[in-house]
Amino acid sequence: MTQDLFQIAGKTYGSRLLVGTGKYKDFAETRAAIDASGAEIVTVAIRRVNIGQTAGEPSLLDYLPPSEFTYLPNTAGCYSADDAIRTLRLARELLDDHKLVKLEVLGDPQTLYPNVRETLKAAEVLVKEGFDVMVYTSDDPIVARELEQIGCCAIMPLASLIGSGMGILNPWNLRLIIEQSKVPVLVDAGVGTASDATIGMELGCDGVLMNTAIAGARDPIRMAHAMKLAVEAGREAFLAGRMPKKLYSGDPSSPLAGLIAAK
Amino acid sequence: MIELSINGAPRQFPATLTVQQLAEALELIGKRFAVELNGEIVPKRLHAETTLNDGDRLELVVAVGGG
């Protein structure tokens, strides 16, 4: 088998599973789950220092050293292009001129559905400022194309709402986006269980990004491992090329000849 | 006496101080954090020479778990 490597913004990765670092019981569980997932790219959020309460406390970075993982700072919680841009400028400073970022601009606190207009606006500015922008968006192929034209390095449509675990609700739109895109397409948001990740990869996605599907499982570490296998299985099946579906036409796997004679 | 707004909350200091001195006062030395002063990033290499004045607005951020 030929080696199948995954490239984002000029860097090569072995794993096509990207994971979030939120919602775990503690940092030890975060680390154990990420190790089990095999992920090399991990998302982080940028938040205000908790003044007076942080001295001596361990931080996420102690458990997930930037020397071992590629950080993907996000703009979770931002509802305007300006807030998202500000957040990622801070992230770039925080992580020593780090350029790979996840842009997400939300439009509604109930559904966390992306605000596409603000997302496009922020993407233009960030690309001009030299960021490598992986962009969370709706599964609208026209918007996906515009984001690619702006210069985003990966398009990340939702499979269903963030944290919903509803799986891939519109595989047809995902296919349209995959077929037209020259940059990697990753399913971001909505994966609930292993088969969802596999279906995404079988559709031809280049990768999957998830957080709650792992952190919200009864046994997050075991689910992290399941997701690793699911992404690998889906990718292999996609590369292998599935057999055609043949409705109403049975085709036995065993030979027709040589059956013992009926009386 | 000067008053700074730090992460949205007012805080008083006896005299003008640098970003570096503020980080020391807040026990942030050794931690990875980023500073925005009145909407502009203050790069790490400028922490020791950037002076804070009465009324300045600061945002101090860190990386935390997120998806």
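Sequential numbering from 1, following the chain as shown.
Cβ coordinates are placed from backbone N, Cα and C, and glycine is handled just like the others.
A TrEMBL annotation is a machine prediction, not a hand-curated record.
Lifted from TrEMBL, the feature list:
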DOMAIN    A:7-255  domain 'Thiazole synthase ThiG'
ACT_SITE  A:LYS102  active site, schiff-base intermediate with DXP
BINDING   A:GLY163, A:ALA189, A:GLY190, A:ASN211, A:THR212  1-deoxy-D-xylulose 5-phosphate binding site
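On the structure: features taken from TrEMBL.
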| residue | record | Cβ contacts under 8 Å, 6 or more apart |
| --- | --- | --- |
| A:LYS102 | active site, schiff-base intermediate with DXP | A:THR43, A:LEU72, A:PRO73, A:ASN74, A:THR75, A:MET134, A:VAL135, A:TYR136, A:MET156, A:ASP188, A:LEU209 |
| A:GLY163 | 1-deoxy-D-xylulose 5-phosphate binding site | A:LEU112, A:ALA189, A:ASN211, A:THR212, A:GLY216 |
| A:GLY190 | 1-deoxy-D-xylulose 5-phosphate binding site | A:LEU158, A:ALA159, A:SER160, A:LEU161, A:ILE162, A:SER164, A:GLY165, A:MET166, A:GLY167, A:ILE168, A:LEU169, A:ASP196 |
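Fewest Cβ neighbours within 10 Å among the binding-site residues A:ASN211, A:THR212: this applies to A:THR212.
Proximity to chain B (CB-CB distance below 8 Å) holds for A:ASN211, A:THR212 among the recorded positions A:LYS102, A:ASN211, A:THR212. Classification of A:THR212 (1-deoxy-D-xylulose 5-phosphate binding site) by DSSP places it within a helix. Following the DSSP three-state reduction, the secondary structure of A:LYS102 (active site, schiff-base intermediate with DXP) is strand.
When Cβ atoms from all protein chains are considered, those within 10 Å of A:ALA189 (1-deoxy-D-xylulose 5-phosphate binding site) total 28, not counting its own.
Secondary structure from DSSP puts A:GLY163 (1-deoxy-D-xylulose 5-phosphate binding site) in coil.
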